[in-house]
Amino acid sequence: MRIIVYGFRPKTKQRHAVFDALWRYTRPTLLGELYTFACGPSKFNNSNPKVRLVKEYLRLLGKSSFNVSDSMIDDGSFSVSNEWWRISAVNSNYSMCATYPFSLIVPKFISDEEVMQASTFRARGRLPVISWCHPGTGAVLARSSQPFVGIMMNMRNVADEKLVAALCIQVAGKESRRKLYITDARPKKNALANGAKGGGSESSSNYSQSEVVFFGIDNIHAMRDSLTRLRDYLDTHGSTSSDGMLSFLRDGGWTWGKGNLSSMSASVSTLGDSGWLSHIQSVLAGSVWIAAHVALESSSVLVHCSDGWDRTTQLVSLASLLLDPYYRTFKGFQALVEKDWLAFGHPFSDRMGLPTVSAISNAPVELSRQSSSGIISTSPLRIHSGSAFSTPVGSSFHAQNPNDYSPIFLQWVDCVSQLLRMYPCAFEFSSAFLVDFLDCMLSCRFGNFLCNSEKERQQSGIYDACGCMWVYLNDLRASEGLSHAHHNIFYDPTKHEGVLLPPAATLAPTIWPQFHLRWACPSEAQAGEVEAHCRTMTDKYAEMQKAKEMAEAKSKELTIRMESLAAELQKDRRLYSSAVEKAKQAWRENSAIKRALQSLGCKVQFSGNASHASDIESLPTETRQQSLHSSLREYEGGWLTDEKMDLSVSITHTDGRVHPDSPVNKLCENLCPFRTGEGCKWPDAECAQVGSQFVGFKANFDAFDRLSIHECYFGSK
């Protein structure tokens, strides 16, 4: 959809060299000249697409638990079946059909011999095989090419009829067989015209429980001409033209012929004359018709056109997209394209005008393009008379018509974009993904869409020599996660879990702005501005959500720390209370000891600091003084330890002679080993203070405990 014009001043020496280079690299004649081969090894390595195809087959058969490996593909041990269908390796060497994949899904009770016999009755050996099957009802979407019925439509093949009948297995719980619709994508007159060449269409009388329906979709040549007219229309009436002049400067103001209403209507009708939107609508309508009969009637549908690789592929893959929500995801979309377009032999090289593999060569990457290949024809408006550039002999634009170029795949992706517009919540991918997907396909940067069939890609070593587009796109999305433009921010898989069946009134396609208008009307092409705004808002919301989560995590952490500190504080309070109680108990015991000592004739004096020991009252010289220094602090009537404060305790025994009849004397004699009839030997024994410890008191603490019970002695305290 982009037209680039090169202009040279007269007598420019390099103009012929530039023209020759452009001609060579835009029209490569050898497969090895394509960019994917010339750019060297790619970091986007390709895995075996055959493994991916078999995995998709197993998913369709409900056998996803099976593991598939390269060794299984090599030895043919991938043949798995369910109650209705089986995977067959009858075409593993492509001898039966060169354009079909190496493995096929066929009815379980049809043998490989019957499959091969049926292939002889279809154009290019493309016999009826299953493309998609309903997991519950057993209804299938099948595809093939046209049968060889001849101009009288009286040619028949028993194996083909048996194979087609096997597609209509009995509906569960019903005695009658399900109905089969044979849909011919061509106009009926075209199908009859093919009968003169041996082809044609089936007769419902030869296939039981069947009905033949014609969709009337035009052929590849009509699609090519339609795209050419659409491109010229956009180049002429867009805001920016390839002639380098803005539409505002053309015709005295915009492209509406100086505001003439009739010219405005004429330009709109030119768009209608291109036929592009009408073709899109025809493909959409046919696909919805197929999906509706499979989903609502549990009928099986066999789709074909002439060769079964253009219109057939469009209809089958689009109907599968409507029926199966898996195909609306990134992974499923890849599986759908690889199965129905690549594996089943859509001729991408021919349709894109690229070189491909010749069947008679031993060096496929060095071979020239098939003579039927070509490129899109350029509008005569783009080639001015008297041009200084002459095309090489036999290579002019017009000399290649008719050719096999046709935008069939582009048309199908356009149909997908129309469904995405109608069901914005049903697809995991966005319109931006579809645009990049097409650009990657057309760029020849990757090898996925080169050649015309699976067999040719295998022969040319495409899978080993070229990078993989799917890996590149996955890596591109992984760099930004869900915020990447390829992700559809409106995607809601729970909203459209089943089949999509748009009513006929909604099948009114419009120009796909992100693709068709991005060069002709770059500002108007931003039809996804709302989506971009929503994506920006979503990113901001995600950032705010992340900040909220971080704040909540920090708040939770602070809460835990506060709870921990509160627990520690509570623990300290309990320890503090315990210490206070112990201090009070010690104070009471000290007071009791003090009273006991005083009752024994000792005098106890406390001083607030060790430095005040000199303040102790002087005693008679015959007394002996022992001092004990301890650190205590008073709190609420008790004493607590304080290393910065000393308390000096002075204990003095004044007289060791106590009256023999004194009750205290008797108690001392009974309880103290140092008390005798001659008097107290305590001071002489120096038991009161040995190494700053109350040794005597410790040894006779029980005695003081027993003394303390005489309240009459110690007083009311």
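Including glycine, each Cβ sits where the backbone N, Cα and C put it.
According to TrEMBL, the feature coiled coil maps to residues 534-586, out of the candidate ranges 163-215, 216-268, 322-374, 534-586. In this structure, Ala196 is the one among the binding-site residues Ala196, Cys305 with the smallest number of other Cβ atoms inside 10 Å of its Cβ. Residue density at Trp309 (substrate binding site): 27 other Cβ atoms are found within 10 A of its Cβ, drawing on all protein chains shown. Of all the Cβ atoms in the protein chains shown, 17 others lie within 10 Å of the Cβ of Asn219 (substrate binding site). Across the annotated binding residues for substrate (Asn194, Gly195, Ala196, Lys197, Asn219, Ile220, Cys305, Ser306, Asp307, Gly308, Trp309, Asp310, Arg311), the two most widely spaced Cα atoms sit 21 Å apart.
A C-beta separation below 8 Å, combined with a sequence spacing of at least six in one chain, links Asp307 (substrate binding site) to Ala123, Arg124, Arg126, Ser145, Gln146. Set side by side, the binding-site residues Asn194, Arg311 differ in how many other CB atoms lie within 10 angstroms of their CB, and the most is found at Arg311.
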